[in-house]
Amino acid sequence: MPNIKLVVEVLHATNLSPKDGEDSASPYVEVDYESQRLRTKSKSKDLNPMWNEKLEFTVSDPNLLEYEWIYLHVYTTRRHGSRVFLGRTKVDPSHIKPMGQENAIGFPLERGWSVFSINRGEIYLKVYYYDGDRSLGAKTAAAGGGAGGGSIGVAGGKNGKQGDKVGAAPSSGHAIPSNGTTGHANTTGIGGHGGLGMDAVTTAADRLLGGGKVAQTVTLSDATSFTDFSVKPTWLPKTERIRHDLVDEIKYLFVRVERARGLAIKDVTGSSDPFVEAKVGNTKVLTRVIPRDLNPVWNEVFAFSQDQFQAQNLEITVWDEDTVRNDFLGRVTFDVVEIPQRHPPDSPLAPQWYRLESRHDAKRPAQGEIMLSVWIGTQADESFPRARQSDSGWVSNTRATIYLSPRLWYLRVAILEAKDLIVTKSNRIAEVFVRVDVCRQSQKTKAVPSQKNSHLWNTELLFVAAEPFSDEFLHVHVLDHVAANKEELMATVKIPLNTVPKRMNHSRVDPKWFDLEREKKDIKEVAHEIADKVKGNAKFMSRIHLMVCLEGGYHVLDESTQYTSDTCPSERRLWKNPVAMLELGIRGAFDLQPMKTRDNRGCTDAYCVAKYGRKWVRTRTVLESLAPRWHEQYMWDVYDPCTVLTVGVFDNNHLGNGFSADKSHTHAHKHSNGGNGSVSKNGGHGGKDEVIGKVRIRLSTLETDKEYALRYPLIVLDRSGVKSRGEIELVVRLTCVKRLNMMLTYIQPLLPKQHYIEPINVRYIEYLRAAAMRLVIDKLALSEPPIPPEVVRYMLDVDQYKWSYRRSKANWYRIIHVFDGCVAIAAWFRDICMWKSKVTTVLVHILYCILVWFPELILPTTFLYMFLIGAWQYRFRSRQPPHMDVGLSYANVTGQEELDEEFDDMPSTKSAEIVRIRYDRMRALAGRVQTVVGDIANQLERFHSFLNWRDPRATSIFVTFCLLMAIILYLIPIRVVIILFGIYIMRYPRFRNRLPSIAGNFFRRLPSLSDRML
């Protein structure tokens, strides 16, 4: 059994909390791993302690290194001996490295789950493991290298683990080797016993450790008697196991064509151009052609769907491609009934060599062999994503693919000043500004006029950058504003993004001076500069003072805030643990509309794209089917349940020139590159992918550990109106990892804390969002196969912020609907005041008097009433996640003209008359909005008129009223006044007057500033 040692090297900590009562701390660290606990020494009066201590743990099972977490607690000691908790953290098993590959990693300290706890401090560790047997062998060989009867001292505790006592030191019998040493000393034996190796000694030591005895000595001559041959129990870790149970299994016949050897010569050149044909019934597919090769390598996989391998035989034929007629090289035949079935997680079926057979009427036998593997599996097979499927037309770029959108960072550039700038004309005041270009984004500062060679800006700019940074540069150009439309480049500097420091919090980043290079206007100037560099004569250069950093504490917004799918910061080390696991089963679609014509008949080549967080998934394309069945399942980690999953369905128009509508005979070797072909009248190849529909599912509306199997209508809105283009069947399951952590996310900020500590200016947000969307579109378009830009735009809702008369009207009525409850309460209170139900009115009077006389009952009564309402509404809750509402969007009552305006491009392509009509309508709508805003301003300004003496009579009346009310309220208890006021408001209708109240009349007569408006 291997003797694995785990070492936690505690380096140092920073910015700890002062908790010892003397504005400082004396911290120490406790480390727990697998029921073992060790601690460091205490550092007196130090908020940034340095330990540099190594704590060694015994690993009982090497498999524990893959899933066992390491827990660290930091405490401080006080004078009277008690300890105070400073923070805790845990180390993910992925950070545990072999010895020699470890790195120092910083972990933020957490203060617990309390709402009032403030996290503070960071601890730096190195975590690695090594084989203790090698270290033990090295030490023993060094101690008794020539002794013939040497012995080994073994010390241990129960079950071979170190003691649980706090503060226990590492075992002295297992020295920690230094990095880079392996400990291989005297591998043939110990002390001259060549027949007894290290395995026997280790087994004996393990035997003693398991016995629970302390400090026993084992002689080498008796070590073999302790060899353990018993069966030892093990256990499985309690981890979430992925189940492929949300979709149906679809059987596929897989054919893997690896290679061939010793093929016959069929061409006059002394070679052959072989390719392979796989045929089942009337369905066949061809590999690519390998020119002039008798030992070709194909390494291709084909998948025949279940409805296409109902034939009795699978025939694999090798051909030599010729211009007139292909030559037969040999074949191999399989009985479909005899083909084995494979179920994951079984290992892949090993390919075998099969001798090629000739035809029955052949005069000479076939030559050569072919390496194949044939099996029957499902879509869960690991070979399925890279296989060319029969229901996808054997086209390579229609396979299912998983994408990761680029990790985005905010790039902060602070332009402080520049010195020693050389102005082209000395007789004028230079107006110098700086333009910064990075990742297809460009911003510039204001022009600063100055007669000196130094210029000061103190301007901060924000950009969006995408990983990887190896090929990206930050270009800083210093320009002179010579004339109205003329600029001259004075100097420039190019900064590689991979050299820019990364900032994880709001710590200060020191600015740097960068040398500016002047623009070379002719080749003579370039030659002079090269000559000066060769001679070592460096010229005096201009400089610019910049602060540049990549912000890792922010989340880069690349989608609409209303239905974002990710809120994690850019820096991976700041991510928290997932709180849930989202599983999506894309089963199929039904009743899809034909999106194009092929061979004079309507058809649809449908595929799905699902997006959550950075992970995008794309199903395979099912060709020429109005009811495609995908049955693919995917999984995401969920860090915040208040996020949205987006699923879109599209029609594939990027099949390429080589696609043949006749799926029974597809020449794959002619279209293996899968390029985009020209637009075909009957196929639609090479055009943009058409939108079929989209579904959004908010995860917070899902109950945990429950499967939702639903058919969603695919609703789309275009210039002709709203329509349904079919239905999609989805199965969604949200599995909770830790329920407490999921509940705690509801009281935490939606975005990372850096957004609130150092918020981004509002005027930058939309600009940065558009830049982030462009970067995501560009990066995914470079994937293979690419996600078309129109698909990414539709999934990200790029046009969400464009003007829409329909959407504005819908948002207005949404606001009205929110206040429906207030309107209902006001109507109910009006009925109470009008005594429509005398019993209810009397009960309200009694309740009102009780609450006024006992005000401590107001809040409990209010919360109890809300609890009862919520409990009553529980029975009417929705049993399924909500879908897009056509009525709420006002999509079914919008006119043709309004839709045409909504989908018009910017700038508009319509005629001047249509644009004028739309502009007049916009002016009328804006006029009504302007009137409402003016009325609100009038009412608010009347409140200022109470005391500003614009109307001296009104102000004098109000001041006198305030004096009388002060005297009355001083003499009469406030409860009596409130009760009398309530009874007056709810008085009987006989004592009411239909004229406005005195207070209302007085308020309406107060002056506003509207009479001073032009």
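Note that Cβ sites are derived from N, Cα and C of the backbone, with glycine treated the same way.
Taken from TrEMBL, the feature domain 'C2' covers 1-106 (among others). Helix, strand and coil counts under DSSP for the domain 'C2' (1-106) come to 8 helix, 53 strand, 45 coil.
The annotation region 'Disordered' is assigned in TrEMBL to 161-186 (among others).
Marked as domain 'C2' by TrEMBL: 232-354 (among others).
What TrEMBL lists as domain 'C2' is 398-514 (among others). The helix, strand and coil residue counts that DSSP assigns across the domain 'C2' (398-514) are 4 helix, 71 strand, 42 coil.
Feature annotation from TrEMBL assigns domain 'C2' to 563-712 (among others).
Marked as region 'Disordered' by TrEMBL: 661-687 (among others).
Using a Cβ-Cβ cut-off under 8 Å and counting only residues 6 or more beyond its ends in the same chain, the transmembrane segment (812-830) has close neighbours at 888, 890. According to TrEMBL, the feature transmembrane segment maps to 812-830 (among others).
Under the heading transmembrane segment, TrEMBL lists 842-868 (among others). Sequence-distant contacts of the transmembrane segment (842-868), counting only residues of its own chain at least 6 positions beyond either end whose CB sits under 8 Å from a CB of the stretch, comprise 832, 975, 978-979, 982-983, 986.
For 957-985 (among others), the entry in TrEMBL reads transmembrane segment.
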Would you mind listing the long-range same-chain contacts of the transmembrane segment (957-985), meaning Cβ under 8 Å and 6+ residues beyond its ends? 833, 845, 848-849, 852-853, 946-947, 1002
Mean pLDDT for the domain 'C2' (398-514), as a whole number? 88
